[in-house]
Amino acid sequence: MAFISHYIRFCFFVLLFLFRISSAQLSSNYYSTSCPRALSIVRNAVVNAVVKEHRMGASLLRLHFHDCFVNGCDASVLLDDTANFTGEKTAPPNTNSLRGFEVIDTIKSQLEGACPGVVSCADILAIAARDSVVSLGGPSWTVQLGRRDSTTASLSAATSQLPSPSLNLNDLITSFSTKGFTTKELVALSGSHTTGQARCVVFRGRIHNETNIDSSFATSLKSNCTVSSGTDDNLSSLDVTSPFIFDNAYFKNLVNSKGLLHSDQQLFSGGSTDSLVTNYSTTAETFYTDFANAMLKMGSLSPLTGTSGQVRTNCRKIN
């Protein structure tokens, strides 16, 4: 009898544990009752922002990436510095680089009007990233929801954990592997550079010094990005072929030695990822499928759920 009693108690605690685990999981219908218009509010705001400025689609997608890669998808990237708090916006990979914060503010304001204190800033970033890709002609995926927002941020983590555009292939693989991504997922996620722009300061060395670059392509960029530092903030498209369309042209560019960033061209430079790039360059649907799956995985990086964190009423500051 004692054994049976212990066994029943064991089963109870196992079931309780499993319930707690399952209740903390993200779900696609998280706001179906508490804020049924949440998805349409975000979608409409993103479409309006991208119509106004096509580049904004890439900017919103990048915000989600820079959020999730630093201690998980918790909207820490949105927190402003205060007299007593230093956020992640001034980290070298983010400063003078991340943008789109005002669009997130607009979305949050509209959501607070529709259902106050319900939809998290972290979920807004995840939905906006998907809607941005779709608005630029790319694939869709079912966003999992239920993240909560952090009450802290880490300047040091943002500085050290975000992959640099100067990384070589092995370091890129290691950087993504640390976050649980396979090499295929690294290449698929890099395909987000099929849209958006980069500052001269991050590709100057490539176009002036590297040899694995199409000479005509390099020459076309040099007048806008000179050796001198006076052109640091000048912009060039990451994908010169179709900069405002989410397609597989990025990979075609790599095959033709027209990757803008050093880290981009590393994916097709005689290494282990050449075959993946070639496959994506010829089969857009395969890229779309792998990209959507990788985005789903990225969106599930260490989210705060349940009673952890909070739902900020203003994405820029803690409640």
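Backbone N, Cα and C atoms are what each Cβ position is placed from, and that goes for glycine too.
Taken verbatim from TrEMBL:
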- H66: active site, proton acceptor (ACT_SITE)
- D67, V70, G72, D74, S76, E88: Ca(2+) 1 binding site (BINDING)
- P163: substrate binding site (BINDING)
- H193: heme b binding site (BINDING)
- T194, D239, D247: Ca(2+) 2 binding site (BINDING)
- C35-C115: disulfide bond (DISULFID)
- C68-C73: disulfide bond (DISULFID)
- C121-C315: disulfide bond (DISULFID)
- C200-C225: disulfide bond (DISULFID)
- 1-24: signal peptide (SIGNAL)
- R62: site 'Transition state stabilizer' (SITE)
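Recorded features from TrEMBL, shown on the structure.
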residue : record                             : CB count, 10 Å
C35     : disulfide bond                     : 19
R62     : site 'Transition state stabilizer' : 22
D67     : Ca(2+) 1 binding site              : 29
D74     : Ca(2+) 1 binding site              : 28
E88     : Ca(2+) 1 binding site              : 26
C115    : disulfide bond                     : 15
C121    : disulfide bond                     : 30
P163    : substrate binding site             : 19
C200    : disulfide bond                     : 20
C225    : disulfide bond                     : 23
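Fewest other C-beta atoms within 10 Å: among the disulfide-bonded residues C68, C315, that description fits C315. Among the listed binding-site residues, namely D239, D247, the Cβ with the most fellow Cβ atoms inside 10 Å is that of D239. Apart from the site residues D67, V70, G72, D74, S76, E88, the chain places the Cβ of H66, C68, F69, N71, C73, A75, V77, S150, A153, S154, A157, A158 no farther than 8 Å from the centroid of the site's Cβ atoms, the recorded Ca(2+) 1 location. Taking each Cβ in turn and tallying the other Cβ atoms within 10 Å, the top scorer among the recorded positions H66, H193 is H193. Among the binding-site residues listed here, namely D67, E88, P163, D67 has its C-alpha nearest to that of C115 (disulfide bond). Excluding T194, D239, D247 themselves, the residues of that chain whose CB lies within 8 A of the CB mean position for the Ca(2+) 2 site are, in sequence, G191, H193, T195, T241, S242, P243, I245, F246, N248, A249, Y250, N253. Comparing C-alpha positions, R62 (site 'Transition state stabilizer') sits nearest to H193 among the recorded positions C73, D74, S76, H193, C200. Taking the C-alpha atom of C35 (disulfide bond) as reference, the shortest distance to any of the binding-site residues G72, D239, D247 belongs to G72. The binding-site residues recorded for this entry are P163, T194, D239, and the Cα of P163 lies nearest to that of C68 (disulfide bond). If you take the CA of C315 (disulfide bond) and look 10 A around it, the binding-site residues you hit from D67, S76, E88, T194 are S76. Within its own chain, C73 (disulfide bond) has H64, D67, A122, L125, A126, R147, M298, G299, S300, L301, S302, P303 as residues 6 or more apart in sequence whose C-beta sits under 8 angstroms from its own. Its own atom aside, the Cβ of T194 (Ca(2+) 2 binding site) has 30 Cβ atoms within 10 angstroms in the protein chains shown. Taking CA atoms as the reference points, T194 (Ca(2+) 2 binding site) and the residue listed as 'active site, proton acceptor' are 17 Å apart. The Cβ neighbour count for V70 (Ca(2+) 1 binding site), using a 10 Å radius and every protein chain shown, is 28.
With respect to V70 (Ca(2+) 1 binding site), the closest of these recorded positions in Cα terms is P163, chosen from C121, P163, H193, C225, D247.
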